[in-house]
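Contents: one structure, followed by commentary.
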Amino acid sequence: MATIAVPPSVPSPAEDAEQLQKAFAGWGTNEDLIISILPHRNAAQRKVIRQTYAETYGEDLLKALDKELSSDFERSVLLWTLDPAERDAFLSSEATKRLTSSNWVLMEIACTRSSMELFMVKQAYHARYKKSLEEDIAYHTTGDFRKLLVPLASTFRYEGPEVNMTLARSEAKILHEKIHEKAYNHDELIRIVTTRSKAQLNATLNYYNNEFGNAINKDLKADPNDEFLKLLRSAIKCLTYPEKYFEKVLRLAINKLGTDEWALTRVVTTRAEVDMQRIKEQYHKRNSVPLDRAIANDTSGDYKKMLLALVGHEDA
(Lines of atoms letter the chains of each structure in order from A and count residues from 1; the text may use other names and numbers.)
(Lines give C-alpha, C1' and ligand atoms only; values in the text may rest on other atoms or scores of the structure.)
Protein backbone atom coordinates (compact mmCIF):
# COMPACT_ATOMS: atom_id res chain seq x y z
CA MET A 1 0.00 0.00 0.00
CA ALA A 2 1.39 3.38 -1.02
CA THR A 3 2.24 5.78 1.77
CA ILE A 4 1.19 9.39 1.42
CA ALA A 5 3.97 11.88 2.02
CA VAL A 6 2.94 14.35 4.68
CA PRO A 7 4.38 17.81 4.06
CA PRO A 8 6.57 19.03 6.91
CA SER A 9 4.51 21.27 9.17
CA VAL A 10 5.55 24.84 9.79
CA PRO A 11 6.53 25.38 13.45
CA SER A 12 4.11 27.40 15.56
CA PRO A 13 4.70 31.14 16.04
CA ALA A 14 5.66 30.39 19.66
CA GLU A 15 8.31 27.89 18.49
CA ASP A 16 9.63 30.39 15.91
CA ALA A 17 9.78 33.15 18.53
CA GLU A 18 11.63 30.84 20.92
CA GLN A 19 14.16 29.87 18.22
CA LEU A 20 14.73 33.54 17.32
CA GLN A 21 15.27 34.39 20.98
CA LYS A 22 17.82 31.55 21.13
CA ALA A 23 19.57 33.01 18.09
CA PHE A 24 20.16 36.22 20.07
CA ALA A 25 21.17 34.56 23.36
CA GLY A 26 24.75 34.20 24.56
CA TRP A 27 27.86 35.46 22.84
CA GLY A 28 27.37 36.32 19.20
CA THR A 29 24.28 35.87 17.09
CA ASN A 30 23.20 32.69 15.29
CA GLU A 31 22.54 34.26 11.88
CA ASP A 32 21.92 30.88 10.22
CA LEU A 33 19.08 30.19 12.64
CA ILE A 34 17.45 33.53 11.75
CA ILE A 35 17.85 32.75 8.03
CA SER A 36 16.32 29.30 8.54
CA ILE A 37 13.13 30.89 9.89
CA LEU A 38 12.17 34.38 8.71
CA PRO A 39 12.62 34.11 4.91
CA HIS A 40 10.42 31.00 4.97
CA ARG A 41 7.41 32.65 6.61
CA ASN A 42 4.79 34.69 4.75
CA ALA A 43 3.59 38.15 5.80
CA ALA A 44 0.71 36.85 7.94
CA GLN A 45 3.01 34.37 9.73
CA ARG A 46 5.69 37.00 10.34
CA LYS A 47 3.10 39.33 11.86
CA VAL A 48 2.02 36.65 14.37
CA ILE A 49 5.68 35.81 15.16
CA ARG A 50 6.28 39.49 15.98
CA GLN A 51 3.19 39.63 18.21
CA THR A 52 4.14 36.38 19.96
CA TYR A 53 7.74 37.52 20.45
CA ALA A 54 6.60 40.83 22.02
CA GLU A 55 4.13 39.07 24.33
CA THR A 56 6.63 36.40 25.39
CA TYR A 57 9.84 38.41 25.73
CA GLY A 58 8.56 41.95 26.27
CA GLU A 59 10.53 43.35 23.33
CA ASP A 60 9.70 44.16 19.72
CA LEU A 61 11.36 41.58 17.47
CA LEU A 62 12.49 44.39 15.17
CA LYS A 63 14.34 46.07 18.05
CA ALA A 64 16.00 42.77 18.95
CA LEU A 65 17.08 42.22 15.34
CA ASP A 66 18.31 45.81 15.12
CA LYS A 67 20.53 45.28 18.19
CA GLU A 68 21.95 41.97 17.00
CA LEU A 69 22.52 42.48 13.27
CA SER A 70 24.39 44.98 11.13
CA SER A 71 24.86 46.42 7.61
CA ASP A 72 23.09 45.04 4.52
CA PHE A 73 22.11 41.79 6.23
CA GLU A 74 20.36 43.77 8.97
CA ARG A 75 18.52 45.95 6.46
CA SER A 76 17.31 42.93 4.46
CA VAL A 77 16.05 41.12 7.59
CA LEU A 78 14.33 44.22 9.03
CA LEU A 79 12.62 45.15 5.75
CA TRP A 80 11.45 41.58 5.24
CA THR A 81 10.14 41.22 8.80
CA LEU A 82 8.05 44.41 8.59
CA ASP A 83 4.40 44.16 7.59
CA PRO A 84 4.27 45.03 3.82
CA ALA A 85 2.32 48.30 4.37
CA GLU A 86 4.65 49.34 7.22
CA ARG A 87 7.64 48.49 5.04
CA ASP A 88 6.39 50.64 2.17
CA ALA A 89 5.61 53.49 4.59
CA PHE A 90 9.17 53.26 5.96
CA LEU A 91 10.71 53.19 2.46
CA SER A 92 8.52 56.14 1.38
CA SER A 93 9.53 58.18 4.42
CA GLU A 94 13.19 57.42 3.76
CA ALA A 95 12.68 58.52 0.12
CA THR A 96 11.52 61.97 1.26
CA LYS A 97 14.56 62.57 3.51
CA ARG A 98 17.33 64.78 2.19
CA LEU A 99 20.19 62.28 2.45
CA THR A 100 18.19 59.30 1.17
CA SER A 101 15.75 61.10 -1.14
CA SER A 102 14.49 59.11 -4.10
CA ASN A 103 11.72 60.06 -6.51
CA TRP A 104 12.17 56.56 -7.97
CA VAL A 105 11.20 54.74 -4.78
CA LEU A 106 8.12 56.98 -4.34
CA MET A 107 7.05 56.34 -7.93
CA GLU A 108 7.73 52.60 -7.64
CA ILE A 109 5.55 52.20 -4.55
CA ALA A 110 2.73 54.35 -5.95
CA CYS A 111 2.65 52.51 -9.31
CA THR A 112 3.30 48.84 -8.49
CA ARG A 113 0.99 48.37 -5.49
CA SER A 114 -2.70 47.66 -5.86
CA SER A 115 -5.13 50.45 -4.94
CA MET A 116 -5.92 48.81 -1.59
CA GLU A 117 -2.23 48.15 -0.86
CA LEU A 118 -1.39 51.81 -1.55
CA PHE A 119 -4.29 52.88 0.67
CA MET A 120 -2.90 50.69 3.49
CA VAL A 121 0.59 52.18 2.98
CA LYS A 122 -0.93 55.63 3.48
CA GLN A 123 -2.72 54.47 6.64
CA ALA A 124 0.53 53.00 7.99
CA TYR A 125 2.30 56.27 7.13
CA HIS A 126 -0.31 58.26 9.11
CA ALA A 127 0.07 55.94 12.11
CA ARG A 128 3.86 56.02 12.17
CA TYR A 129 4.75 59.55 11.07
CA LYS A 130 1.63 61.56 12.12
CA LYS A 131 1.53 63.13 8.64
CA SER A 132 0.22 62.11 5.25
CA LEU A 133 2.43 60.56 2.60
CA GLU A 134 1.07 63.07 0.05
CA GLU A 135 2.00 66.11 2.15
CA ASP A 136 5.56 64.82 2.62
CA ILE A 137 5.95 64.09 -1.09
CA ALA A 138 4.58 67.55 -1.96
CA TYR A 139 6.89 69.24 0.55
CA HIS A 140 10.04 67.39 -0.52
CA THR A 141 9.62 67.59 -4.31
CA THR A 142 9.36 70.47 -6.76
CA GLY A 143 8.21 71.33 -10.27
CA ASP A 144 7.33 68.55 -12.68
CA PHE A 145 8.38 65.85 -10.19
CA ARG A 146 5.81 67.12 -7.67
CA LYS A 147 3.23 67.44 -10.45
CA LEU A 148 3.61 63.73 -11.27
CA LEU A 149 4.33 62.16 -7.87
CA VAL A 150 1.60 63.73 -5.72
CA PRO A 151 -1.32 62.51 -7.90
CA LEU A 152 0.38 59.10 -8.34
CA ALA A 153 0.43 58.70 -4.55
CA SER A 154 -3.06 60.19 -4.11
CA THR A 155 -4.97 58.06 -6.59
CA PHE A 156 -7.22 55.06 -5.89
CA ARG A 157 -7.38 53.44 -9.33
CA TYR A 158 -10.22 51.24 -10.47
CA GLU A 159 -8.90 47.66 -10.60
CA GLY A 160 -11.44 45.83 -12.75
CA PRO A 161 -10.79 44.42 -16.24
CA GLU A 162 -13.35 46.65 -18.05
CA VAL A 163 -11.94 48.83 -20.82
CA ASN A 164 -13.54 51.64 -22.81
CA MET A 165 -12.05 51.41 -26.32
CA THR A 166 -13.50 54.76 -27.47
CA LEU A 167 -11.77 56.41 -24.53
CA ALA A 168 -8.55 54.48 -25.23
CA ARG A 169 -8.50 55.84 -28.80
CA SER A 170 -9.22 59.44 -27.81
CA GLU A 171 -6.67 59.42 -24.95
CA ALA A 172 -4.00 57.77 -27.09
CA LYS A 173 -4.43 60.71 -29.49
CA ILE A 174 -4.12 63.21 -26.62
CA LEU A 175 -0.92 61.51 -25.42
CA HIS A 176 0.55 61.49 -28.92
CA GLU A 177 -0.31 65.14 -29.47
CA LYS A 178 1.27 66.27 -26.18
CA ILE A 179 4.39 64.18 -26.71
CA HIS A 180 4.71 65.49 -30.27
CA GLU A 181 4.49 69.04 -28.84
CA LYS A 182 7.10 68.05 -26.21
CA ALA A 183 4.52 69.11 -23.57
CA TYR A 184 5.58 66.24 -21.31
CA ASN A 185 4.23 67.88 -18.16
CA HIS A 186 0.85 68.78 -19.70
CA ASP A 187 -2.10 68.41 -17.31
CA GLU A 188 -3.91 65.99 -19.66
CA LEU A 189 -0.90 63.69 -20.00
CA ILE A 190 -0.41 63.67 -16.22
CA ARG A 191 -4.16 63.10 -15.68
CA ILE A 192 -4.24 60.01 -17.91
CA VAL A 193 -1.12 58.42 -16.40
CA THR A 194 -2.08 59.12 -12.79
CA THR A 195 -5.80 58.24 -12.75
CA ARG A 196 -6.73 55.59 -15.34
CA SER A 197 -6.97 51.93 -14.34
CA LYS A 198 -4.06 49.73 -15.36
CA ALA A 199 -6.31 47.82 -17.79
CA GLN A 200 -7.49 51.08 -19.37
CA LEU A 201 -3.91 52.39 -19.62
CA ASN A 202 -2.79 49.18 -21.32
CA ALA A 203 -5.58 49.52 -23.89
CA THR A 204 -4.67 53.17 -24.51
CA LEU A 205 -0.97 52.39 -24.93
CA ASN A 206 -1.69 49.43 -27.24
CA TYR A 207 -3.79 51.73 -29.42
CA TYR A 208 -0.97 54.32 -29.29
CA ASN A 209 1.54 51.73 -30.48
CA ASN A 210 -0.67 50.43 -33.31
CA GLU A 211 -1.85 53.82 -34.48
CA PHE A 212 1.40 55.80 -34.29
CA GLY A 213 3.95 53.05 -34.96
CA ASN A 214 5.99 53.50 -31.78
CA ALA A 215 5.67 52.39 -28.18
CA ILE A 216 4.99 55.44 -26.02
CA ASN A 217 8.22 54.99 -24.03
CA LYS A 218 10.20 55.18 -27.29
CA ASP A 219 8.59 58.54 -28.05
CA LEU A 220 9.34 59.69 -24.51
CA LYS A 221 13.07 59.15 -25.09
CA ALA A 222 13.48 62.42 -27.00
CA ASP A 223 16.00 63.59 -24.41
CA PRO A 224 17.60 60.51 -22.80
CA ASN A 225 19.20 62.65 -20.07
CA ASP A 226 16.01 64.38 -18.93
CA GLU A 227 15.38 63.10 -15.37
CA PHE A 228 11.65 63.87 -15.44
CA LEU A 229 11.21 61.92 -18.69
CA LYS A 230 13.13 58.99 -17.17
CA LEU A 231 10.74 59.00 -14.20
CA LEU A 232 7.67 59.30 -16.44
CA ARG A 233 8.84 56.36 -18.61
CA SER A 234 9.47 54.26 -15.51
CA ALA A 235 6.04 55.12 -14.09
CA ILE A 236 4.43 53.91 -17.32
CA LYS A 237 6.52 50.72 -17.24
CA CYS A 238 5.61 50.10 -13.57
CA LEU A 239 1.92 50.53 -14.33
CA THR A 240 1.88 48.27 -17.38
CA TYR A 241 4.78 45.80 -17.11
CA PRO A 242 6.19 45.84 -13.54
CA GLU A 243 8.43 42.76 -13.95
CA LYS A 244 10.30 44.53 -16.78
CA TYR A 245 10.82 47.55 -14.55
CA PHE A 246 12.08 45.44 -11.61
CA GLU A 247 14.35 43.38 -13.87
CA LYS A 248 16.04 46.59 -14.98
CA VAL A 249 16.43 47.86 -11.40
CA LEU A 250 18.05 44.54 -10.43
CA ARG A 251 20.28 44.50 -13.52
CA LEU A 252 21.55 48.01 -12.81
CA ALA A 253 21.96 47.25 -9.08
CA ILE A 254 24.05 44.14 -9.76
CA ASN A 255 25.99 45.29 -12.82
CA LYS A 256 27.14 48.59 -11.37
CA LEU A 257 30.75 49.09 -10.43
CA GLY A 258 30.06 48.17 -6.84
CA THR A 259 26.62 46.75 -6.08
CA ASP A 260 23.71 49.05 -5.24
CA GLU A 261 22.70 47.05 -2.16
CA TRP A 262 19.80 49.33 -1.23
CA ALA A 263 18.08 48.80 -4.59
CA LEU A 264 18.83 45.07 -4.55
CA THR A 265 17.50 44.68 -0.99
CA ARG A 266 14.40 46.78 -1.71
CA VAL A 267 13.33 44.84 -4.79
CA VAL A 268 14.00 41.40 -3.29
CA THR A 269 12.21 42.11 0.02
CA THR A 270 9.21 43.89 -1.53
CA ARG A 271 8.61 41.48 -4.45
CA ALA A 272 9.46 38.08 -2.92
CA GLU A 273 5.80 37.43 -2.05
CA VAL A 274 4.33 39.22 -5.08
CA ASP A 275 5.81 38.56 -8.53
CA MET A 276 9.35 37.28 -7.95
CA GLN A 277 8.79 34.31 -10.26
CA ARG A 278 7.93 36.61 -13.19
CA ILE A 279 10.88 38.90 -12.36
CA LYS A 280 13.23 35.88 -12.30
CA GLU A 281 11.95 34.73 -15.71
CA GLN A 282 12.34 38.23 -17.12
CA TYR A 283 15.86 38.53 -15.65
CA HIS A 284 16.97 35.19 -17.11
CA LYS A 285 15.53 36.08 -20.51
CA ARG A 286 17.22 39.49 -20.57
CA ASN A 287 20.62 38.52 -19.08
CA SER A 288 21.00 34.78 -19.92
CA VAL A 289 21.92 34.24 -16.25
CA PRO A 290 19.55 33.12 -13.48
CA LEU A 291 18.90 35.88 -10.94
CA ASP A 292 20.00 33.75 -7.98
CA ARG A 293 23.38 33.12 -9.64
CA ALA A 294 23.81 36.83 -10.39
CA ILE A 295 23.04 37.66 -6.74
CA ALA A 296 25.34 34.90 -5.46
CA ASN A 297 28.22 36.24 -7.59
CA ASP A 298 27.70 39.79 -6.38
CA THR A 299 27.06 39.42 -2.64
CA SER A 300 28.56 37.48 0.25
CA GLY A 301 28.04 36.08 3.73
CA ASP A 302 24.74 36.23 5.60
CA TYR A 303 23.41 38.95 3.28
CA LYS A 304 23.85 36.61 0.30
CA LYS A 305 22.16 33.73 2.18
CA MET A 306 19.20 35.94 3.12
CA LEU A 307 18.65 37.25 -0.42
CA LEU A 308 18.92 33.78 -1.95
CA ALA A 309 16.38 32.42 0.55
CA LEU A 310 13.99 35.22 -0.43
CA VAL A 311 14.51 34.89 -4.18
CA GLY A 312 13.61 31.21 -3.84
CA HIS A 313 10.51 32.19 -1.86
CA GLU A 314 7.31 30.86 -3.40
CA ASP A 315 4.85 33.58 -4.34
CA ALA A 316 2.15 33.78 -1.69
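Using N, Cα and C of the backbone, Cβ positions are placed for all residues, glycine too.
Sequence-distant contacts (6 or more apart, same chain, Cβ under 8 Å) of T299 (Ca(2+) 1 binding site) comprise D72, T259, E261, L264, L307. What TrEMBL records for F24, G26, G28, E68, I254, K256, G258, A296, T299 is Ca(2+) 1 binding site.
What TrEMBL records for D298 is Ca(2+) 3 binding site. For D298 (Ca(2+) 3 binding site), the number of other Cβ atoms no farther than 10 Å from its own Cβ, over all displayed protein chains, is 17.
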(request) Mind giving me a neighbour count for I254 (Ca(2+) 1 binding site)? Other Cβ atoms within 10 Å of its Cβ, every protein chain shown. (result) 20
(request) Using a 10 Å cut-off, grab the number of neighbouring Cβ atoms around the Cβ of G28 (Ca(2+) 1 binding site), all chains included. (result) 9
(message) Return only the integer: C-alpha distance in Å from I254 (Ca(2+) 1 binding site) to D298 (Ca(2+) 3 binding site).
(response) 7
(message) For D298 (Ca(2+) 3 binding site), which of the listed binding-site residues (F24, G28, G258) have their CA atom within 10 A of its CA?
(response) G258
(request) Tell me the Cβ neighbour count for F24 (Ca(2+) 1 binding site), meaning other Cβ atoms within 10 Å of its Cβ, over all protein chains shown. (result) 19
